[in-house]
Amino acid sequence: MAFTWIRHHILGLEDWQPEEYQTLLQTASSFREVLSRRTKKVPALQGQVVTNLFFEPSTRTRSSFELAAKRLSADVLNFAPGSSSLTKGETILDTALTYVAMGTDIFVIRHQQSGVPDLIAGEMDRLESGVSILNAGDGQHEHPSQGLLDLFTICCLLDEENPRLELLEGKKIAIVGDILHSRVARSNIWSLTTAGAEVHLSAPPTLLPKYFGELCDRLFLHWDLEPALEKADFVMTLRLQKERMTANLLPSLREYHQSFGITRPRLQSCQPGVKVLHPGPVNRGVEISSDLMDDPDFSLISQQVTSGVAVRMALLYLIGNLRSDQ
């Protein structure tokens, strides 16, 4: 029986079912083919309005969502908080309602506080506006589109023609870095463990609290790097989010790199053909060495950026198409 997409908002991946991941992978694969054409545009969301509400700085995610919406022929509005009525005391909800009155169909929302996309989604549902919310990263909660594009990147490497969830069954994936503050880590934990992968988290104790081990099955914690990397199929390294650190959680960036930085020699204990991912932006020479980051034999960072457009097209299409059917 064919799976029917019914999810109106994309707020996080914690409750996603395997069928939803598979539908997303198949849809993103179709749009990846579209993006390989000379004419990279389709009329799937023609006449719909996508509004990017980004309350904290972003280059990759905002640009990727904007390009994805435009490739689907949607009209795109970009919100700039510094020049908005928020500086005059307007609330976030009132700002959103202003854009609803302009005809917004889908909000893409990033905010430094966890839960803001959920709050706006709840208000949209209460008002029966029909507007969908897509979380582009909220505080330390989740970053679902990043988790999905990482999943898609890995699956495409394993089978470019037919990326599917089952390809990750039994794979070992190490996630190294600032786990404590990372919404990317949380979304990847949900997606990768649902796919059947073993996820090994590694960081200094100050950046990897013990409670992470209670999130789900197939999740392992390491306060040393070596056991996390041993026989790993993929290594995902995360940026140290210094802007979110309110205490001295690390002696120095140099000492962090010496203990947890991903370098070519450290990958020798991984599986042959190991690949490295990073959600960006990258602190070269801190989370990962420059030579490794730029080596196409190891690094999937460029592929992650490319995959991001196809995955975000798929997300916008799935919720936008659901809206058009209502």
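Cβ atoms are placed via backbone N, Cα and C, with glycine included.
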Of the candidates Arg32, Arg110, Arg254, the one that Swiss-Prot places in the carbamoyl phosphate site of Arg60, Thr61, His143, Gln146, Gly280, Pro281: Arg110
Cα-to-Cα gap, Gln146 (carbamoyl phosphate binding site) vs Arg183 (L-aspartate binding site), nearest whole Å: 9
Fewest other Cβ within 10 angstroms of its own Cβ, chosen from the binding-site residues Arg60, Arg110, His143: Arg60
Neighbour-count leader, CB within 10 A, binding-site residues: Arg183, Arg239: Arg183
The one of Gly280, Pro281 whose CB sees the fewest other CB atoms within 10 Å, among these binding-site residues: Pro281
Cβ-based neighbourhood (8 Å from the centroid) of the carbamoyl phosphate site, residues Arg60, Thr61, Arg110, His143, Gln146, Gly280, Pro281 excluded: Ser58, Thr59, Ser64, Ala136, Gly137, Val184, Pro279
